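Now, the feature entries from TrEMBL:
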type: BINDING; residues: Asn107, His112, Glu117; note: oxalate binding site
type: BINDING; residues: His110, His112, Glu117, His158; note: Mn(2+) binding site
type: DISULFID; residues: Cys33-Cys48; note: disulfide bond
type: DOMAIN; residues: 63-213; note: domain 'Cupin type-1'
type: SIGNAL; residues: 1-23; note: signal peptide
Amino acid sequence: MASSSFFPVLAAFLALVSWQAIASDPSPLQDFCVVDKNSPVLVNGFACKNPMDVNADDFFKAANLDKPRVTNKVGSNVTLINVMQIGGLNTLGISLARIDYAPLGQNPPHTHPRATEILTVLEGTLYVGFVTSNAENKFLSKMLNKGDVFVFPVGLIHFQFNPNPYKPAVAIAALSSQNPGAITIANVVFGSKPPISDDVLAKAFQVEKKTIDWLQAQFWENNHN
């Protein structure tokens, strides 16, 4: 009887371990796997360059992250350094972003489907927050000052807003994926190509179709570079 009850417990344990194993980018099986941009092989990530052909430049980018960026109409600019900019990040499960905020600018509500984010304020003040998943939808927010750190859990909708009408703000964020992805909520809902049916969105948001049509007619600018 004991042995028969052991197998369901073992199966549950293995399922838990397997879930943990796929909860983030796969762990590397070698020191590095620099992207081979010429490889025709399609894998989850990128194929590896021959290690004998790897050099220091594969792990380097003159990104000028100390320089301020021009912000867009929502008042922000996200400069992402991921595997597309530094091939040596492939399989290492990390990326970086500098975020510039104009006075009263924001990095609008968005989510990273493949990464947790940890953000630190370098200059200025930021009001930040995220919302938990259904059905609780609890809103957690905080006012951050220079030197403060805040974490946004993977997949949850979050934002940053500069409440100062006179001074810009700057933050640096680290993300737990070589390619975290970004889904800006307003952009994907109202700026999809082709557009989502206004019947669907009017029903979902409980507004008139003309309101949806107006929103879909706006230019939904991407603030990620």
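Cβ atoms are placed via backbone N, Cα and C, with glycine included.
Caution: TrEMBL annotation is automatic and unverified by curators.
Take the CB of Cys33 (disulfide bond) and look out to 10 A: across all protein chains shown you find 22 other CB atoms. Calculated from their C-alpha atoms, the gap between Cys48 (disulfide bond) and His158 (Mn(2+) binding site) amounts to 34 Å.
Close to the recorded Mn(2+) site, the chain also has Thr111, Ala115, Phe130, Phe152, Leu156, Ile157, Pro180, Ala182: residues not among His110, His112, Glu117, His158 whose Cβ is within 8 Å of the site's Cβ mean position.
Taking the C-alpha positions, the distance from His112 (oxalate binding site) to His158 (Mn(2+) binding site) comes to 9 Å. Neighbours of the oxalate site: apart from Asn107, His112, Glu117, residues of the same chain with C-beta atoms within 8 angstroms of the site's C-beta centroid are Ala97, His110, Thr111, Ala115, Leu119, Phe152, His158, Ala173, Leu175, Pro180, Ala182. Its Cβ placed at the centre, His112 (oxalate binding site) has 24 other Cβ atoms within 10 Å. Between the CA atoms of Glu117 (oxalate binding site) and His158 (Mn(2+) binding site) there is a gap of 10 Å. The average pLDDT computed for the domain 'Cupin type-1' (63-213) is 96. Around Cys48 (disulfide bond), taking its Cβ as the centre, 20 other Cβ atoms fall within 10 Å, counting all chains. A simple way to gauge crowding: the CB of Glu117 (oxalate binding site) has 22 other CB atoms within 10 angstroms, across all the protein chains here. A 10 Å cutoff on Cβ-Cβ distances gives Asn107 (oxalate binding site) a total of 29 other Cβ atoms nearby, all chains included.
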